[in-house]
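Student: Straight out of TrEMBL:
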- His71, His73, His228, Asp302: Fe(3+) binding site (BINDING)
- His71, His73, His228, Asp302: Zn(2+) binding site (BINDING)
- Arg80, Tyr138, His165, Gln231, Ser307: 4-imidazolone-5-propanoate binding site (BINDING)
- Tyr138, Asn304, Gly306: N-formimidoyl-L-glutamate binding site (BINDING)
- 249-364: domain 'Amidohydrolase-related' (DOMAIN)
Amino acid sequence: MSSLLIDNIGELVTNVAGTGEGGKLGIRRDAAILVEEDRVAWLGPARYAPAAARRIDADGAAVLPGFVDSHAHLVFAGDRAAEFAARMAGQPYTGGGIRTTVAATRAASDDTLRGTVRRLRAEALRQGTTTIEVKSGYGLNVADEARSLRIATEVTGETTFLGAHVVPTEYADRPDDYVGLVCGPMLHAAAPYAKWIDVFCERGAFDADHARAILTCGQAAGLGVRLHANQLGPGPGVQLAVELGAASADHCTHLDDADVDALAGSATVATLLPGAEFSTRSPYPDARRLLDARVTVALATDCNPGSSYTSSMPFCVALAVREMGMTPAEAVWAATAGGARALRRDDVGVLAPGARADLMILDAPSHLHLAYRPGVPLIRQVLHNGVPR
Ligand code: NIG
Ligand code: FE
């Protein structure tokens, strides 16, 4: 059996609450961690470390669970840099540019799409992301949604069918027919490649009745529910997510008190996506209000060519701390264990015996540096499935 010991760890963030310092971060000092195959086999004080076939000297650095990016749209073609420039010159973001990416995606070859997905997956891994969710949503017909998901399965098991991203142009005057297509032939073709179903529930996309119909069909087909909710304005999305027992309500930018109460009384995670507010120059969600109400909060990138073209979880952590009222510890937890909760996973986002050996060694002595040193490449080395990358 291949074994690897990482020792001389100055700060080991385990996310096992109550086992060390830092509350939920479960921080251990002067620690070591033993990896066997793709799992954590042991962790504890460096002086008790068992022997191993190979060794990495962390040289006093911080070691954390790999980031769990629970919301990304990696399957697309083209980019929308000009739309971004127009926004920075004062244009609002409406989501209307999604149709531009749909046209480019439909016209692209499998190899072009595959190249983009692999490039972005590799980019995210270099920045510490060891688990990533990938959505369809730029195909919006039976063949292109199924194709998008099939390509997504080549890089992750966390795939999400987002056929209900917007109503495509050819169905513009008959949205009910499009919902029928999504619930019928499109779901049938997509389900073999999908673990989750998602809907963009927003004015200009899908209303609560359409979203409920689509998500219920997805549940009947065995898919778990997640939802784009309350991104651009107040709306029914968060309440619907809670009603359906969704794993996550994503964006949560415009919430009223009833939305916060509903989340607080539920098992639905609020996934905040500050890259979207950054890139659309919009007000950030109020993470502090959610945390104070004891809502479970996750952070994710929303990586997509329109509203948030970043694959960087460290960037999202820094934004959450500077702009959303989160402490560095809360943001790091949300970007690791929080993302795992949003995907209903207990084998990632945590470092404990039996967990996946997905971790990162920082070029820094503490998790604090992820927010304290924004924009600096602080990920020295990543282990994914126990393999140094
Ligand atoms: O999560 N809001 C809907 N979907 C994406 C944006 C997609 C796009 O603009 O291409 C989001 O922000
Ligand atoms: Fe999104």
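Glycine is no exception: its Cβ is also placed from the backbone N, Cα and C atoms.
Caution: TrEMBL annotation is automatic and unverified by curators.
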Student: What are the DSSP helix, strand and coil residue counts for the domain 'Amidohydrolase-related' (249-364)?
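Tutor: Once the DSSP states are binned, the domain 'Amidohydrolase-related' (249-364) shows 47 helix, 18 strand, 51 coil.
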Student: In angstrom units, rounded to an integer, how far apart are the Cα atoms of His228 (Fe(3+) binding site) and Asn304 (N-formimidoyl-L-glutamate binding site)?
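Tutor: Each residue's Cα considered, His228 (Fe(3+) binding site) and Asn304 (N-formimidoyl-L-glutamate binding site) end up 14 Å apart.
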Student: List the binding-site residues among His71, Asp302, Gly306 whose C-alpha is within 10 Å of the C-alpha of Tyr138 (4-imidazolone-5-propanoate binding site), in sequence order, or say none.
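Tutor: If one measures from the Cα of Tyr138 (4-imidazolone-5-propanoate binding site), no binding-site residues come within 10 Å, so the answer is none.
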Student: Looking only at Tyr138, Asn304, Gly306, the residues listed as binding N-formimidoyl-L-glutamate, what is the longest Cα to Cα distance in Å?
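Tutor: Farthest-apart Cα atoms in Tyr138, Asn304, Gly306 are separated by 11 Å.
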Student: Specify the count of other C-beta atoms within 10 Å of the C-beta of Tyr138 (4-imidazolone-5-propanoate binding site).
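Tutor: Result for Tyr138 (4-imidazolone-5-propanoate binding site): 31 other Cβ atoms within 10 Å.
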Student: Does DSSP give His228 (Fe(3+) binding site) helix, strand or coil?
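Tutor: Going by the DSSP assignment, His228 (Fe(3+) binding site) falls within a strand, counted as strand.
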Student: What binding-site residues in His71, Arg80, Tyr138, Asn304 place CB under 6 Å from ligand 1?
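Tutor: Result: Asn304.
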Student: Around the C-beta of His165 (4-imidazolone-5-propanoate binding site), how many further C-beta atoms are within 10 angstroms, looking at every protein chain?
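Tutor: If we count other Cβ atoms within 10 Å of His165 (4-imidazolone-5-propanoate binding site), we arrive at 27.
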Student: Can you list, in sequence order, the residues of the same chain other than Tyr138, Asn304, Gly306 whose CB lies within 8 Å of the CB centroid of the N-formimidoyl-L-glutamate site?
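Tutor: Output for this site, in sequence order: His73, Phe76, Arg80, Gly97, Ile98, Thr101, Gly137, Pro305, Ser307.
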Student: Given the binding-site residues His71, His73, Arg80, His228, which one has the fewest other C-beta atoms within 10 angstroms of its C-beta?
Tutor: Arg80
Student: Measuring Cβ to any atom of ligand 2 with a strict under-6 Å cutoff, which of the binding-site residues Arg80, His165, Gln231, Asp302, Gly306, Ser307 qualify?
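Tutor: The qualifying binding-site residues are Asp302.
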